[in-house]
Ligand code: HDD
Ligand code: HEM
Ligand code: HEM
């Protein structure tokens with residue numbers, strides 16, 4: 001693999017990881033809001049059990065992605081940084097309100113409802129806006145007005161592609177998080193919470209597939225180069241759709257599975273992650289060689305000396321942190337005692 | 001022009017807010033660690049209660065510290081795209097490594113808070129130590145980028161291109177270690193003096209009983225010790241920083257001291273206002289030869305004055321006030337700590353007098369003022385450069401508009417978050433008064 005290919009693969013990996021971690025985080029926050037005042041079910045508590053130890057790390061993943069973009073593709077940083085002034089600042093405002101209010105809600109129990117509402121709603125807007133960056137990289141939005149890069153927002157928010165992506169982000173966020181919580185509920189043997197989240201997943205799931213097709217249609221009209229490339233990855237798209245059905249089928253089966261600790265949600269969760277993997281692989285591959293159309297990754301890559309230093313620091317850093325990640329995982333995610 | 005000013009205000013505002021939570025994020029874990037170790041050594045439960053209450057405070061502060069940091073890192077790219085392009089090419093290493101410091105801090109913080117009852121005592125201490133190390137590392141690494149802005153190295157700058165990049169040479173730029181140690185010790189000051197503030201305030205309250213007074217006094221004494229020692233360290237490595245300015249950014253030092261003519265036996269102007277028209281520092285206390293001694297180590301040392309530099313590269317002259325106020329704050333805080341210990345020594349059992357306690361109450365806000373003044377001095381004193389003698393601030397700023405509007409939006413956001421943070425802290429500690437914690441251990 002060349003330096004450029006490796007860098008873009010790493011960046012892709014970070015987007016993929018963050019899209020999952022972020023969806024789980026924001027979606028869980030949303031479900032926590034929905035069920036925070038319900039006395040008849042523990043669905044809200046289960047959401048908070050996931051949220052408390054996870055949000056900080058999820059946030060680091062976001063910063064990690066921003067830093068990787070700056071480090072590996074400094075020229076693209078210039079273009080995106082200039083063009084995204086307005087949307088990026090909006091996202092920042094929403095993100096900070098979301099995070100702060102969520103943390104406040106843990107400490108000010110009496111005002112929990114209102115704090116939870118604010119953080120739940122702003123939280124679901126964050127992925128919806130974050131994802132808008134993707135269609136912007138397809139080209140056609142950023143304009144060069146007398147040497148100044150501009151992003152006409154009226155153009156962005158009248159584009160069908162943008163809305164297809166926004167819809168996808170919201171439904172994926174809710175779908176993934178509902179599945180995670182169904183799985184969490186099944187670990188604790190809480191059948192009622194499991195059923196709640198299973199039902200939500202079954203409603204939302206089909207939208208992810210539908211919106212996937214809408215995205216492809218919209219791309220065909222608005223960024224034909226990407227559509228042409230995508231056709232080379234038809235196999236991956238088919239695999240993605242198949243994984244969706246595996247997951248959905250497993251959810252369906254859970255309905256009649258009277259076993260308290262059902263394996264269904266786990267299989268469904270993994271299948272959706274696989275579904276997302278295939279789809280983003282196809283999308284990412286088809287996106288090449290452009291980072292922000294029509295600028296190619298070769299034009300944006302940093303110098304070799306920097307590249308080598310970065311890769312070394314990634315390897316050393318990940319190696320050193322691995323035990324910590326594993327310990328954290330064992331204490332919170334895969335720990336019956338904690339989840340209960 | 002207005003556009004540039006707005007961008008500077010907006011970014012400066014974000015940083016000014018983030019730094020408060022960030023330094024508390026460095027200083028409070030240190031104090032938690034010290035209290036936790038003291039508890040395990042002395043078995044005095046009061047220290048366990050301290051750790052618990054500081055931990056709660058810290059988790060609430062994280063709710064603002066983390067998002068404001070995230071704002072800072074994204075705003076760097078959207079407000080100063082040319083700067084970040086340069087960073088990406090030459091000095092992205094510290095940003096990159098800092099991610100792991102963030103992981104370290106957040107993973108072990110989570111473990112320390114949410115798994116406290118499931119892990120052993122040594123593991124608790126280990127987690128807390130790693131939280132503290134993570135926070136210190138984030139401060140050091142981000143300061144690394146700042147140090148590089150002041151003394152850029154590790155590249156050749158030819159026709160607007162960064163060539164022959166050497167990332168590690170950029171990383172170990174000439175002032176990195178000096179600056180980083182100054183930033184870290186000053187962060188320790190803030191963490192400990194804020195605890196001094198709260199403890200002293202509680203000791204001043206009317207209804208405070210003997211038991212609670214003793215508790216707060218214990219907190220006050222350890223915080224005062226840490227604060228005082230960090231204060232001395234800060235003054236020492238601050239002096240080092242000033243000597244580095246003499247070598248690497250002489251015009252910044254000249255502006256800080258209001259020195260116009262290059263001279264040996266340069267006097268130190270304490271206080272006063274620098275007047276560029278008369279080229280003098282009005283109303284200042286002049287100490288003969290002291291600037292030469294401080295900057296070079298001997299009275300005959302030559303210190304360069306502003307007139308040696310082109311007028312359009314002079315830093316703003318307000319830096320003199322900022323610098324002197326920072327040093328003033330440092331001196332005052334060291335004095336306060338010394339006074340506190342001296343008083344305890346001669347009057348073992350007497351309560352602290354009211355005036356001294358009020359002095360202690362002021363110490364925390366003063367230390368935060370010190371940090372803000374220091375950073376403002378450093379950042380404003382670098383003007384007109386964003387990367388010293390490489391990239392001007394006017395070239396670094398984004399060309400995109402709407403800056404004024406965003407400035408207002410962010411002012412509103414920070415006021416909102418600041419006010420609610422205070423309300424939540426107050427609310428929480430009203431619900432969980434110290435008396436209840438103390439009852440539990442009796
Ligand atoms: C509680 C905070 C605090 C206190 C009491 C002091 N400082 Fe400081 N100082 C800082 C907090 C700070 C800072 C906020 O951390 C700065 C800003 C940028 C930096 O690197 O550190 C700083 C910068 C800074 C610089 C500029 C470095 C540069 O621009 O590259 C110098 C020369 C000094 N300091 C010197 C001193 C001296 C001689 C002090 C004597 C007591 C002192 N500081 C006390
Ligand atoms: C010298 C000044 C700074 C210090 C001492 C500092 C220190 C810290 C500390 C200790 C934290 C942990 C959170 C907390 O305890 O509140 C933090 C968070 C953060 N800081 Fe700063 N910081 C500084 C400046 C900056 C700058 C300039 C940036 C932007 C590049 C930045 C980016 C961040 C980010 C992104 C986070 C959140 C990390 C997370 O997601 O966990 N910081 N900072
Ligand atoms: C956390 C403490 C910090 C504070 C309070 C602070 C404050 C400020 C202020 C007030 C300005 C505007 C200065 C002016 O234009 O006159 C500024 C500019 C800037 N700072 Fe900082 N800063 C801090 C840390 C940092 C760090 C660690 C970095 C490096 C990553 C950094 C990078 C910049 C950049 C790139 C600018 C804009 C260009 C310029 O004005 O030179 N700052 N900061």
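Note: Cβ is positioned from N, Cα and C throughout, glycine not excepted.
Unlike curated entries, TrEMBL annotations are predicted automatically.
Listed in TrEMBL for this protein:
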type	residues	note
TRANSMEM	A:6-33	transmembrane segment
TRANSMEM	A:54-73	transmembrane segment
TRANSMEM	A:85-106	transmembrane segment
TRANSMEM	A:118-142	transmembrane segment
TRANSMEM	A:162-182	transmembrane segment
TRANSMEM	A:203-221	transmembrane segment
TRANSMEM	A:233-252	transmembrane segment
TRANSMEM	A:264-284	transmembrane segment
TRANSMEM	A:304-327	transmembrane segment
Self-check item: Cβ-Cβ under 8 Å with the transmembrane segment (A:264-284): same-chain residues at least 6 beyond its ends
Solution: 12, 15-16, 19-20, 172, 175-176, 179-180, 182-183, 185-186, 194, 197-198, 201, 208, 212, 230, 233, 236-237, 239-241, 243-244, 246-248, 250-251, 253-254, 257
Quiz item: What residues in the same chain, six or more past the boundaries of the transmembrane segment (A:6-33), come closer than 8 Å to it by Cβ-Cβ distance?
Solution: 43-44, 47-48, 50-51, 54-55, 57-58, 61-62, 64-65, 68-69, 72-73, 98, 102, 116-117, 119-121, 123-124, 126-127, 130, 172-178, 180-181, 197, 200, 273, 276-277, 280, 284, 288, 291, 297, 301-302, 307, 311, 314
Exercise. Six or more residues out from either end of the transmembrane segment (A:304-327), which same-chain residues have a Cβ under 8 Å from its Cβ atoms?
Key: 3, 6-7, 10, 71-72
